[in-house]
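Since the structure comes first, as structure tokens, the remarks are kept for the end.
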Amino acid sequence: MAPTFQTALFFTIISLSFAAPNAKQVRWCAISDLEQKKCNDLVGSCNVPDITLVCVLRSSTEDCMTAIKDGQADAMFLDSGEVYEASKDPYNLKPIIAEPYSSNRDLQKCLKERQQALAKKMIGHYIPQCDEKGNYQPQQCHGSTGHCWCVNAMGEKISGTNTPPGQTRATCERHELPKCLKERQVALGGDEKVLGRFVPQCDEKGNYEPQQFHGSTGYSWCVNAIGEEIAGTKTPPGKIPATCQKHDLVTTCHYAVAMVKKSSAFQFNQLKGKRSCHSGVSKTDGWKALVTVLVEKKLLSWDGPAKESIQRAMSKFFSVSCIPGATQTNLCKQCKGEEGKNCKNSHDEPYYGNYGAFRCLKEDMGDVAFLRSTALSDEHSEVYELLCPDNTRKPLNKYKECNLGTVPAGTVVTRKISDKTEDINNFLMEAQKRQCKLFSSAHGKDLMFDDSTLQLALLSSEVDAFLYLGVKLFHAMKALTGDAHLPSKNKVRWCTINKLEKMKCDDWSAVSGGAIACTEASCPKGCVKQILKGEADAVKLEVQYMYEALMCGLLPAVEEYHNKDDFGPCKTPGSPYTDFGTLRAVALVKKSNKDINWNNIKGKKSCHTGVGDIAGWVIPVSLIRRQNDNSDIDSFFGESCAPGSDTKSNLCKLCIGDPKNSAANTKCSLSDKEAYYGNQGAFRCLVEKGDVAFVPHTVVFENTDGKNPAVWAKNLKSEDFELLCLDGSRAPVSNYKSCKLSGIPPPAIVTREESISDVVRIVANQQSLYGRKGFEKDMFQLFSSNKGNNLLFNDNTQCLITFDRQPKDIMEDYFGKPYYTTVYGASRSAMSSELISACTIKHC
């Protein structure tokens, strides 16, 4: 057994032997002996309660990805280019923690100054002390001199508080943060994290940036010195923002650059035939960004991966190279690793990584080095400079003006389906709080993480490689590897959300003449992600999923039309219509309960279809909060049944679980195991216990006048119920069009913007064949489901109508201003989700 593996095994056994019998473990995969040494240092020095770090050694990035896939390790850090490769078969890994960078500054000023001080490694140097949120500790002490003093929120020394060692220290008070930073911290954390909440942008002094941007809605606006919006500056997404002031925003991106010696004289368009040094073949900054620019500028002769691998093409472009991880002999000739380790995609190759690429250039093994801007140092500016794609050269500190593009920071990855994600997150967040040496090491540069890292940030659980990298970069990487396949303009790949839908879709595909193909996801969100990635083209979504889809950039192409009393729009496209025939959300009461109206429902007993449902929860809750200063719904009603709520809360008191199986403990379950769940359940709740039920208007007609034979419903009459109107009056249930809480927008077929015309054309053709009046409706029916209900389309759909896009904000255009104002006006975060958080990552 080799000594390095004996050492690795020893440390692994030691770390396991000291772990408690039931202690949780995070097995970190190290790609080299140097990374293993750093990992073992952390095992001994970074003690996180209840979670043990275990180091697993493999010989390369690819071997570590395999180990994680096979369950032999749990996590590793990858460059953004490697994240793409890891996301594919056979690895199927996903990013869970991001590594944000700061180009000039970071909002956590204390963390930045601390990192800079640690990087200098100067004996006797003052190192700021920061709290777990990245703020300055009120009292600062110099580790070498022993002097202590008080600071304000911005880290500035407070006059008269300096005390030498041995004397009683001044009492330091925690100073109030500037208003912007305080609001930012509340938005980002606090006791109650709300996804989609607006997070203010602050400058390094804690003042409001002149231009503010809402990460979820895409709106931007200008503010004054105290953060108040300046009238007339609000700009919707897709429009050019108002000019407030030039900014240098904090970014989670870095720059890919080309570094050369000043003594050389060639320009970017003269790279062919030169000797090259690269950080690695899987790296974005040292390889993929360069290839993309060379192809775009037509400097590289390459007919695509179908005819020739990109490595083969690049081996003919450069004379010789060192590209760790490459398979072409010519691309490894300049590497200097020992036998068996030469050109390895790990630190075992001395020229691996950003600092390795620089070393390759420095040792005159190459004419140009392709690496990341964070590896640049002012101390090299006398000898080196940047090679710019516009055929100029610039100083090293001008990397923002002279680069090959911006690319995302790397991430920590684990298995897509893993029970270790929470442990990994908890370990790294706690290690960060305890100021463990995650981001530096005496053993070398960029081990486990990049040395330029200031902090780690958890990603939304919905984030995958596509959502993290963004559309442009993801598809660029697919093109380089031959994974890209342009969708056909004559075929729609329809996404189905369950097995029954897939069966119906397959039947449709068989008679479509090749116009329809079928994909399958496990839920509507899965279909949204498939369409975003280009793996599917269309899906029909109910309104509760439309907000997420629109926030993620999809657009409605076609809408369902349900009004069977007016078939005109189906016969003649473009005919005017005012009623889609869709549902209305109503507040239903017993006619005998004369004293209740909309204005006095506080304290009453309420029945809801389920938490998150549009008619039974989102609309009534949004209205109540708007009209009652954001009242807490838990305490607004006397008692409720809102399936899906905390079982100990007031919102579950009226629920009864499963009357046929009281031992099942399903009270308040968001499923039919709660008798009061869903539309029928909420109506039953009203009949048996409640004062008001929030339901779609059709519920009363479907469960009265002999329509429902159940014991609790068989004798009910529709005339025994009334509607509560928002003006305080009441009305018969037949007046649902005028006495409602809100209309509900129709379901829509969504797709990518560039695919709208193709989807509309193909769907119109299929409807002419298999719609209600279709020529071939005896062969197949779009709006009928003999294997279930409402499959692919709602069964009461009369026809599909092209969405009439108006030149306004897409949210108001689809939802309609009344609905949009009702649901989102009071709190835009009301419908936020992990998917929206993932979709609204600011990409490079």
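Glycine is no exception: its Cβ is also placed from the backbone N, Cα and C atoms.
Computed from a predicted structure; not experimentally measured.
Bond annotation: of Cys29, Cys39, Cys46, only Cys39 is listed by Swiss-Prot as forming a disulfide with Cys55. Of the listed cysteines (Cys277, Cys799, Cys839, Cys844), only Cys839 is recorded by Swiss-Prot as the disulfide partner of Cys552.
According to Swiss-Prot, the cysteine that forms a disulfide bond with Cys343, out of Cys332, Cys360, is Cys332. Note: Swiss-Prot links Cys495 through a disulfide bond to Cys527 (candidates: Cys436, Cys518, Cys523, Cys527). Across the domain 'Transferrin-like 1' (26-106), DSSP assigns 30 helix, 23 strand, 28 coil.
Between the CA atoms of Cys343 (disulfide bond) and Cys335 (disulfide bond) there is a gap of 6 Å, rounded to the nearest whole number. Proximity of Cys402 (disulfide bond) to non-local residues of its own chain (separation of 6 or more, Cβ distance below 8 Å) is seen for Val257, Leu386, Leu387, Cys388, Pro389, Thr392, Arg393, Lys394, given in sequence order.
Across the domain 'Transferrin-like 1' (26-106), mean pLDDT in this model comes to 90. Distance noted between the C-alpha atoms of Cys799 (disulfide bond) and Cys552 (disulfide bond) is 27 Å. Listed in sequence order, the disulfide-bonded residues near Cys322 (disulfide bond) (C-alpha within 10 Å of its C-alpha) are Cys332, out of Cys64, Cys222, Cys332, Cys725, Cys739. In the three-state DSSP assignment, the secondary structure recorded for Cys570 (disulfide bond) is helix. A straight line from the CA of Cys172 (disulfide bond) to the CA of Cys148 (disulfide bond) spans 10 Å.
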